[in-house]
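Inspection log for the structure reproduced underneath, given as structure tokens.
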Amino acid sequence: MTDKPIKTLTVEQAAEEAADLRPQLLEWGKQYYEADAPSVEDDVYDRVYARLVALETAFPEIVTPDSPTQRVGGSSRSDLPKVTHDIPMLSLGDVFSLDELTEFDERLRGNVDTPFDYNCELKIDGLAISLRYENGKFVQGSTRGNGQIGEDITANLKTIKSIPQTLSRPLTIEVRGECYMPKAAFLALNERREAAGQAPFANPRNAAAGSLRQLDTRVTADRQLATFMYNVADYEPLTTRTQSGLLDELAELGFTTNATYRVAHDMADVAAYIETYQAQRTELAYGIDGIVIKANDLPLQRSLGATVKVPRWAIAYKFPPEEVQTRVLDIEWTIGRTGVVTPTAIMEPVALAGSTVARASLHNPDYLIAKDIRIGDTVLLHKAGDIIPEISQYVAAKRPAEAKAYVIPTTCPSCGAELVHLDDEVALRCINPRCPAQLAEGMNHFASRNAMNIAGLGPQIVAQLFDRNLVQDVADLYRLTTDQLLTLDKFGEKSAQNLLTAIDNSRNNSLERLLFGLGIRHVGAKAARSLAAAFGDMASLMAADSEQISAIDTVGGIIADSVVTYFANTQVHELVAKLQAVGVNMTYTSGTPATNSTSEFTGKRVVLTGKLQELTRPQATEWLEQHGATVTGSVSKKTDLLIAGEAAGSKLAKAQSLDVPVWNEAQLQAAMDETK
């Protein structure tokens, strides 16, 4: 792509440049839409695409039928049933500056005789979907595909809790929106994938797309996908005739909509909305990559119509990527509790998207080799999906002459055992079951706040316990003595007694904390709680088969298979027996208060949002569930109470729009104090 002003080009020069850009864009689009594995950053694709649009606009005679500008999205997977969109699912035109946005506004108002407002909405970074209802019943769901033909993913969409199976009114209607993966779910998924030796997803959008297009619905069910619906194929079944009203009516029907929208009377209002959410984007629980500006009047939308690819009544303002330069000081290899060995770039600290970054995962050896990152390199750094620090590339002009290609280690940096590639894994793995680093990481997890919550038992102390051969597994913690702890660095009588007290107190934890602490693959804190509540004690769970476990609400087949595999291991049986012998509780006790008494929370659906100051989110959740509440992750008309901490965002706005009662943390604390 050249930087020559288009007005200086001849037709021949424009045609030649466009011919160079088209195959590159088509290949990038195939990787993005079909393989869910983008090879370039969105900003790079957007800029090249914008250049091609500008060329073809200035020289219409060079447009070809196979140009990416004449297509919507990508093609569909060959192994999923096809769905024809009677009304095409169009993509949006892009602008990258307020000047371009003003040009769009002037052009649109020049074609409309009467004044009109815009509706501004967040551009969710996910996968476009369409949901078809007949007489209020969900009958089919599909992806956008190429805009004309998508994939039938009905079975997978039925696993997503935010998609209603029955509407509040018996409408026949097609509703469109975005399926996305929340940031927290994305981080947890990538942690599980890396621990399993699988390549991590590049960003939440690709994670959502890969999860939604699975042939196994159990995979989709385990991925914690969510949706925001924002459009309909035909608005006639609705009572509203505005875009803002459409969002409200969809919420009344039972859909999850994004309550952060704002009606804008002019470009000043639009610019203010952009400024607000460009500043807040990193604080949101989901990824956004821009703002969508739509004519608010639905009949006006219909009269303006669309080009072959984009509607004339809407535009997407794309946020510029925040990218900084820093220098790689070292490449460090760490061993996780499952043996996966991960390279991490240690960098000169640099401010990026609201935080100081000094480390960035290089994921696995293949990634490191492909990026060709070397010690001493100056690199471009950004946050993938506004979350994870990620190196885009090295700066070739600044590479030191002495920088050499990095040599991948062949032995474990902890125990010296040979590192291996297991089948179908991109990760290097240490398979020594007695590797000190793996055992230490497992113990750190066991002691963590959401697991056994052993205050004072941090990584440095765990490392010393292993170095001095005081522990071999987590059961040994319960046999430690004061004299043994006094041999550790910086330990006195008081600190030793405090740690022993914390360890002793953890014996009485409810079963779900122990299950989570054991580090069973795919079993997070929520799944552990469901398992413990359903089976009641460890022996019953260990005796259960996959069918019995997967029958539990919120526990899918993948988790069930993982639990059965874990407890089939004789070493696990020995560990559980050791834990039981030292007095660790093996029964579910968290549910006792809720079953024996009632409270103002009994039977209530409660949502937590924002940052709590005195409590942790798990502590608040556990207390609420003990007192009869069901804690959910999204606000709807069925929500009975929202508890809002600091920096509460879209959930608070939606709760207020639905007249859901809102408490602050102090009110929750007061309720907790009353029950003591």
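The backbone N, Cα and C atoms fix where each Cβ goes, and this holds for glycine too.
Under the heading active site, N6-AMP-lysine intermediate, Swiss-Prot lists Lys123. Among the features that Swiss-Prot reports, NAD(+) binding site is placed at Asp42, Asp43, Val44, Tyr45, Asp46, Ser91, Leu92, Glu121, Arg144, Glu178, Lys294, Lys318. Positions annotated as Zn(2+) binding site by Swiss-Prot, on the basis of sequence analysis: Cys412, Cys415, Cys430, Cys435. Residues or ranges marked as domain 'BRCT' by Swiss-Prot: 596-676.
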Separation of alpha carbons, Cys430 (Zn(2+) binding site) and Leu92 (NAD(+) binding site) (Å)
47
Using DSSP with the three-state reduction, classify Asp46 (NAD(+) binding site) as helix, strand or coil.
helix
Across the domain 'BRCT' (596-676), DSSP labelling yields 29 helix, 17 strand, 35 coil
Non-local Cβ contacts of Cys412 (Zn(2+) binding site) (under 8 Å, 6 or more apart, same chain)?
Ile335, Val341, Glu418, Leu419, Cys430, Asn432, Cys435, Ala437
Counting only other Cβ atoms and using a 10 Å cut-off, which of the recorded positions Lys123, Arg144, Lys294 scores lowest?
Lys123
Do you know offhand how many angstrom separate Cys415 (Zn(2+) binding site) and the residue listed as 'active site, N6-AMP-lysine intermediate' by C-alpha?
48
Counting other Cβ atoms within 10 Å, pick out the least crowded of the binding-site residues Val44, Leu92, Cys430.
Val44
Per DSSP, Cys435 (Zn(2+) binding site) is which: helix, strand or coil?
coil
Other than Cys412, Cys415, Cys430, Cys435, which residues of the same chain sit close to Zn(2+)? List them in sequence order, counting a residue when its Cβ is within 8 Å of the Cβ centroid of the site.
Ile335, Gly339, Pro413, Ser414, Gly416, Ala417, Leu419, Asn432, Pro436, Ala437, Gln438
Can you tell which of Cys415, Cys435 has the most other C-beta atoms within 10 Å, given these are the binding-site residues?
Cys435
Around Asp46 (NAD(+) binding site), how many other CB atoms lie within 10 A of its CB?
18
